[in-house]
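See below for the structure under consideration.
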Amino acid sequence: MFITGYAVTAGAAERLVFGYDSYGNICGRKNTYIQGAPLSGQDMTNKKHVFFLNSCSLEIKNLKINSIALCVSSCPQEQLNSLEDIQHFAKNNGSCLCIYNLNISSYTLNPKAAELCPTLPVPPSKSFPLFNRCVPQNPECYSQFASILINVVNEVDVFHRILSGIMAGRDTVIGLSVLALAFSLIMVLTFRFITTLLVHIFITLVVFGLLFVSGVLWWLYYDYTNDPSIELETEKENVKFLLGFAIISTMITMVLLSLIFVLRKRIQLTVQLFWVANKIISRVPSLLFQPLWTFLILIFFWVFWVAVLLSLGTAGSAQVISGGQVEYKILFGIRYMWWYHLVGLIWTSEFILACQQMTIAGAVVTSYFNRNKSSSPRHLILSSISVLFCYHQGTVVKGSFLITIVRIPRIILMYLYDALKEKVGTYLCNTIHVYTTTAINGTNFCTSAKDALFILAKNSANIAFINCFGDFIIFLGKVFVVCFTVFGGLMAFNYHREFHVWVVPLLLVALFACLVAHSFLSVFEVVMDALFFCFAIDMETNDGSPERPYFMDQELLVNSCDSNVDTLAGR
């Protein structure tokens, strides 16, 4: 909280993209006064462009351009050869190209006007869309200006270039986030009314999406590497990121295609598993609305996280130098805390998702262990949420933290587990089983994990092999959302290559799409995991006799047993 508060207080993310003048004013914004800088604190709402007084003779030293920069309302479209032309331009366009404290009527009368106004002649210029700089269009001036600007961008560290890319593509990022939401809703409807035909269509689309996205990434990499105009460091970083994405995407595609080929005969079993889960959802239809709240909370948190990240990159103090000009001293210590901020992103996101999983698991447990199946308890979701916040916050915090610190090692262990489970007989439980045990027994995280592992070890044949096929289809649903969102991002960002790292915002979009898809589709995953875990406990504690009847109704019992028999027969 200290880092967040200090970064937001000391940072100014708008300086990265909108630009600022030599007096500490951010162009296009209303500014606050800086002590010792008489020309600071001006309202630049209508002055959105940065104009350099000697744009044809710029020099750079220690990442500083030797020319005075001003915020102007428009760039001169025609060459201005005299002070009279500059005065005429200011009167007609309302864009003053001289120092702020020089009145327009004094442009031709003040003996120091030559020092306070642009170097003559003023070349025609055009605003560059990203940094809002007035770029001269004269060939000689443009060549020198572009060279200086390229050097400035290349000297700026990677962190700042990434932040600039995020700010520049913020509208596209928001649009792609909405697209991920739409795809997630489509997948929810698909799984809610799933049929064998829908599964075939869905798998076909996933295969097409994987191949197409991998192909587009390799094509973009080839296009970039053969583009002779690439000079900026940011464009070179785009090429490196594209190569990494293309390799990873190709490897994931090959693995998933192999798994799809191996598990292609399990489609009918998958439909039966989703039918069992949808039976519970039909009893508690409010389960389908739970991801909407999670999505809104994730949106709010991610906006807050990006705002703090941008503030971390611009955290610094204003220092007044000669002539009342202002320079910003970067605070390197606080800026390099972005890694800690990244851990906070993963942990908090996992905590939000864990709260949803705990809520759904609690509702499923209450519905399952209700003897009167025709009349479910009212307000299951609200009751589960109240129990979560009153009694089980520590369990969720610990579970989300463990996921954060072992996410990558867990992936490796799961691969080893899949390879060795037939020989060693080791049984791993996930956090959903722990949350389900907590909802049943009311115990803490460690106790629940021990109890869940004990139940899974005794009933692995009834749970592990049943859930793996349904979980795999749900995972493909997440891949579907991410693939087509990334494809939309590739098409959108490819039109804005220059001067910013668009691959990193695309990576953030992919991560966000994964979280959104996980938030929505985990309803089915949690329901199936919790349902069959409750079934295992039910089978463990009851025998179906009149004295100890099963809690699961007969219809679900028959389908679950049939699914289990089919699975064991296919092993």
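Including glycine, each Cβ sits where the backbone N, Cα and C put it.
Those TrEMBL annotations? Automatic predictions, nothing curated.
The feature transmembrane segment is assigned by TrEMBL to 173-194, 201-221, 241-263, 292-318, 338-365, 472-493, 499-521.
Sequence-distant neighbours of the transmembrane segment (338-365) (same chain, 6+ residues past either end, Cβ-Cβ under 8 Å): 3, 159, 280, 284, 287, 290-291, 294, 297-298, 301-302, 305, 308-309, 312-313, 380-381, 383-385, 387-388, 392, 395-397, 399-401, 403-404, 407, 431-432, 435-436, 438-440, 515, 518-519, 522-523, 526-527, 530-531, 534. Most Cβ pairs under 8 Å to the transmembrane segment (173-194), among the stretches 201-221, 241-263, 292-318, 472-493, belong to 472-493. With pairs at least 6 apart in sequence, the transmembrane segment (292-318) and the transmembrane segment (201-221) have fewer than 3 Cβ pairs within the 8 Å limit; the two do not touch.
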